[in-house]
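Asks: Dumping the structure here so I can ask a few things about it.
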Amino acid sequence: MSTAFRWVEQARVGRARAGHLHTAHGVVPTPTFMPVGTVGTVKAMTMDSVRSTGAGIVLGNTYHLMLRPGAEKVRALGGLHRFMDWPGPILTDSGGFQVMSLGALRKLDQDGVTFNSHIDGSKHRLTPERSTDIQHALDATITMCFDECPALPAPPETIAQSMRLSMRWAARCREAFVPRAGYAQYGIIQGGTEPELRAESVRALTGIGFEGYAIGGLAVGEGQELMYATLDATVPLIPHDSPRYLMGVGTPDDLLGAVERGVDMFDCVMPTRAGRTARAYTERGTLNLRNARHADDTRPLSPHCDCLACTRHSRAYLHHLFRANEILGPMLLTWHNLAYYQRLMRGMRGAIVAGTLGAHAAGLRAEWAMEDWTPDEMPPPDLPPVP
């Protein structure tokens, strides 16, 4: 029997929700964090190692995959799931954010965007229909609408024009979308930090009708307080039985605040990028493994983590790997950071189901504000004598 795409609520605390996202490629507990696999790979990770962190869904990118290796090639090779060895759900970004970030390399009109590849300068064209067709060729479980992402800050009239163009494009994306059991298309809510424009965008998208709704155009320099205010004004307007996705967010603290405001899905390059630059997320904040203080530290990154970096290796070894520019360092820290993000999401889900999110959130924030574990709190392991 085919699976209908749907989000089913399990529990609620205030505006925070726990539930399950049912798709053609499996069921994903929410709230969930999606590791970013832009070009068909989560950087520095095998897909087995991504699975081992507890991730249930990953993200790919239309812009990058259309340029290399090409959507039709991916289709001919069995689709993105087979190509990258990920049988679970895949959400593909539409390419809009990347194209709009090209600056002088792109030209926007009412129909779409013409741009030059950042790889070889070749000319390409993306329209709502073309973006949707590419995502279909990739066999994305969740297809995103093609939208314009204006740089902030910008005058309200500029944001309004951009949002209304994105809404017209959303209608064209919906027309081009090929419905299939267990697959979905999400509309993207725009409007900057203007509550009235966000409300107008929600009305336009719900009038078209999508399986899910994303909140775009945030985490672009507006600051956490304004981001939260925008979520407070926007999230309650989204249909309660639809999944809600906050695009490109964020830090652990951002995730917690957004979950408290009713968001279900997230993606961000932070944990993987941090791992490649020697930064490790922990319950006590962020560690920089290049710092000399770790050079002789035999302890793991965190006493609470069961990733390979923490169960098999010391801070001293990880410090050495980065000082020696060994590729294993970024691999192990990326693994650790993704494991931390998934553990963070599991903890929030469990607290929502248990009805204890308030206390759980207070505990998370209190520990993030603390210093690194002392040797008394996390003693070094006993080392065998050197023969």
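Placement of Cβ uses the backbone N, Cα and C atoms for every residue, glycine included.
Just so it is clear, the model here is predicted, and its values are computed rather than measured.
In case it helps, Swiss-Prot gives these features for our protein:
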| type | residues | note |
| --- | --- | --- |
| BINDING | Asp93, Ser94, Gly95, Gly96, Phe97, Asp147, Gln190, Gly217 | substrate binding site |
| ACT_SITE | Asp93 | active site, proton acceptor |
| REGION | 248-254 | region 'RNA binding' |
| ACT_SITE | Asp267 | active site, nucleophile |
| REGION | 272-276 | region 'RNA binding' |
| BINDING | Cys305, Cys307, Cys310, His336 | Zn(2+) binding site |
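Can you tell me where each of these features sits in this structure?
Replies: DSSP classifies Ser94 (substrate binding site) as coil under the three-state reduction. On its own chain, Ser94 (substrate binding site) has Thr62, Ser131, Thr132, Gln135, Thr143, Met144, Cys145, Phe146, Asp147, Cys173, Ile188 as residues at least 6 apart in sequence with a Cβ closer than 8 Å to its own Cβ.
Annotation for Asp93 (substrate binding site): same-chain Cβ neighbours under 8 Å, separated by at least 6 residues, are Leu59, Gly60, Asn61, Thr62, Tyr63, Met144, Met247.
On the 0 to 100 pLDDT scale, the region 'RNA binding' (248-254) averages 97 in the predicted structure.
The Cβ of Asp267 (active site, nucleophile) lies under 8 Å from the Cβ of Phe33, Met34, Pro35, Val36, Leu59, Leu91, Tyr245, Met247, Gly248, Val249, each on the same chain and at least six residues away in sequence.
Long-range contacts of the region 'RNA binding' (272-276) within the same chain, counting only residues at least 6 positions beyond its ends with a Cβ under 8 Å from a Cβ of the stretch, are 35-36, 42-45, 286, 330, 332-338.
Long-range C-beta contacts of Cys307 (Zn(2+) binding site), restricted to its own chain and to partners at least six residues apart, with a cutoff below 8 Å, comprise Ser52, Thr53, Leu332, Trp335, His336, Ala339, Tyr340. In the three-state DSSP scheme, Cys307 (Zn(2+) binding site) falls into the coil class.
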Asks: Enumerate the residues of the same chain, Asp93, Ser94, Gly95, Gly96, Phe97, Asp147, Gln190, Gly217 excluded, that satisfy the criterion Cβ within 8 A of the mean position of the Cβ atoms of the recorded substrate site; list them in sequence order.
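Replies: Sorted by sequence, the hits are Met100, Met144, Cys145, Phe146, Glu148, Cys149, Ser166, Ile188, Gly216, Met247.
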Asks: Taking the Cβ of Gly217 (substrate binding site) as the centre, count every other Cβ atom within 10 Å, in any protein chain shown.
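Replies: Excluding its own Cβ, Gly217 (substrate binding site) sees 30 Cβ atoms within 10 Å.
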Asks: Three states by DSSP: which one describes His336 (Zn(2+) binding site)?
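Replies: DSSP assigns His336 (Zn(2+) binding site) to helix.
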Asks: Tell me the Cα distance separating Gly217 (substrate binding site) from Cys305 (Zn(2+) binding site), rounded to the nearest angstrom.
Replies: 33
